[in-house]
Each structure stands twice: as C-alpha cells, then as structure tokens.
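Per Swiss-Prot, the features are:
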REGION    19-116  region 'V segment'
REGION    117-135  region 'J segment'
SIGNAL    1-18  signal peptide
Amino acid sequence: MLLLRWFTSCCLWVFGLGQLEQTELSVTRETDENVQISCIVYLPYFSNTAIHWYRQKTNQQFEYLIYVATNYNQRPLGGKHKKIEASKDFKSSTSTLEINYLKKEDEATYYCAVWMRWSSGFHKVFAEGTKLIVI
C-alpha cells in the first residue's frame, strides 16, 4: 500500500497534478464550535515539507494564518485560547488546520499551500480550498 501511494505521488508530482487535496468543498459549524480542515499532501518528501495555511474572506485578499513544518513545530495563534492550530500526520500525509471557538468573522475559504521547486524556481502551490460557513 505504501509503495502504491509513493508511486501515485511521484506520478502526480511529475505531471504537476494533485500535490494537495482538500476533500471537503465546504463545512458548516455553529458559533463557538470547533472545526478541523484537512489537506492531503501527495509529495514523496512530506516529512520535510512546511504546510502553510491561508484564508480568504469574501471580496478580500488572502490572509496568511499559520504553518507547520513538523508535528512538534505547531505555531498556535490566538494566545492562551489557541484559536488556530496546525498539525501534520506523517502516516496519512495530511495536515490539519483546527479553528476553535468559531465566530461569524471566521467564515471564509481556507487553503493549504506548499512551496514547489520547478525549473523556473520556487512557486507556491495551493489546494482547492474549503469554505467554512458559520451559523
């Protein structure tokens, strides 16, 4: 199974497809609940890759939120309440963004991203995004 996943990752990487996947197009949560948004990373070097998280509110620019390089290198935002956290699961090649104590102003589309090396240099590659709706 690991060999198949590695082979698929390499093929997708070679053709420039599917490096990142956010499987949920949208999620809906109530105010004061928590949400987890996942990003599957199809890269053979996941353990050495920093995963960056952004959000874009309606009619606004992208906002950089947080990154995670290793599972022990989380950078929580929001002080003691840990409003936003990011983590990595090496077994599933997945990064998870957790947003706690949701408020209406958290409503946005959330994106994971990684830096990829191409012949022309480094470029940031984004997943499709997951829209968070807070009711």
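Cβ from N, Cα, C; glycine included.
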Checklist entry - What is the number of residues in the region 'V segment' (19-116) that are helix, strand and coil, as DSSP sees it? => result 9 helix, 48 strand, 41 coil
Checklist outcome for this item: Averaging the pLDDT values of the region 'J segment' (117-135) gives 84
